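Visitor: Can you read through this structure? Questions will come right after.
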Ligand SMILES: O=P(O)(O)OC[C@H]1O[C@](O)(COP(=O)(O)O)[C@@H](O)[C@@H]1O
Ligand SMILES: [Mg+2]
Ligand SMILES: [Mg+2]
């Protein structure tokens, strides 16, 4: 006899998910509300991104032909500035923060006395993948939450310099064909999709899992000749495919938005890498530790993956600067371990020579 159709599982909103997490003791009431504020700000950014050429939000920021340059020395896009303003304004009044820091601001900012304040520190990359804005390719927002150290009422940059293991929450939103929020509070990595008609995030994948093994890598190959020898050797062996020591063919993908590349890896596995190269060696790498590498590493580890600088677990790096840069290898656990092994073997051989 044909069985009756199953009743569809009731959908779980972000708010319901966070209340569940609070009941389970995974988030404090303040952290729950802070996440709601960030999610609301990201919805506003999603609307701004979605306006595209019609909304006058494309192109460079600045006026009178003068480019606006951020602390990284990079020309800001209009949407970098808009996204930063939206996150600043929403969170300044949120009531759950002691201070915030952004890719787009030279220094962190304490929440002024006149505003409601809390005990968390928020760091964010307001718009990740800026080079993709004007060509209508996925961009995103990345954020990380730390505790403000006890007794500190006016946090400065130094109070944000905590290793990634201290994060209490990390997440990103990706503004692509759909807008998604991917979140961890240290109990798995969960994905929510923005229901544009209702205007709210709905849980679409509980407990994302990254497969241990992969046949897909993501790296900007145009930098190949600038890489260190162990990276050259590692990618050389990937490219050799079935004829090389890895014994299998690898595929390559590079969106050039970390959010989109890491989202793919959280969804179907792979390794994402922005290694050290001779162009960025003096700065320590290309990607930023505090608001790119650390939050993404927390999400990836919580989904069963691994993340490393090539020589050290990312989350254990002791930060020395708010805008510090690091080399990055993250994704499928065994593949990250293999990439790290190339670096460690190279270093041992160099030490022995
Ligand atoms: O242009 P490249 O060298 O491929 O670099 C792309 C990388 O730079 C970034 O766009 C840097 O982020 P921002 O756009 O926030 O500066 C990453 O998202 C991406 O992985
Ligand atoms: Mg970025
Ligand atoms: Mg950015």
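Each position is counted from 1, following the chain as shown.
Here the Cβ of each residue, glycine as well, is placed from N, Cα and C on the backbone.
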Visitor: Figure out which of 292, 301, 316, 335 sits with 125, 128 in the Mg(2+) 2 site per TrEMBL.
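Guide: It is 292, as the record lists it for that site.
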Visitor: TrEMBL has 125, 127 binding Mg(2+) 1. Which one of 103, 104 is in the same site?
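Guide: It is 103, as the record lists it for that site.
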Visitor: Based on TrEMBL, name the residue from 51, 283, 286 that is recorded for the same substrate site as 128, 129, 130, 131, 220.
Guide: 286
Visitor: Sort the residues of the domain 'Fructose-1-6-bisphosphatase class 1 C-terminal' (210-342) into helix, strand and coil with DSSP and give the three counts.
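Guide: Breakdown, helix to coil: 62 helix, 23 strand, 48 coil.
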Visitor: Over the domain 'Fructose-1-6-bisphosphatase class 1 C-terminal' (210-342), what is the model's mean pLDDT?
Guide: 98
Visitor: Between residue 125 (Mg(2+) 1 binding site) and residue 292 (Mg(2+) 2 binding site), what C-alpha distance do you get in Å?
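Guide: Pair distance, Cα basis, whole Å: 7 Å.
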Visitor: By the DSSP assignment reduced to helix, strand and coil, which category contains residue 130 (substrate binding site)?
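Guide: DSSP assigns residue 130 (substrate binding site) to helix.
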Visitor: Through the lens of DSSP with three states only, how would you label residue 103 (Mg(2+) 1 binding site)?
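Guide: Note: residue 103 (Mg(2+) 1 binding site) is coil by DSSP, not helix or strand.
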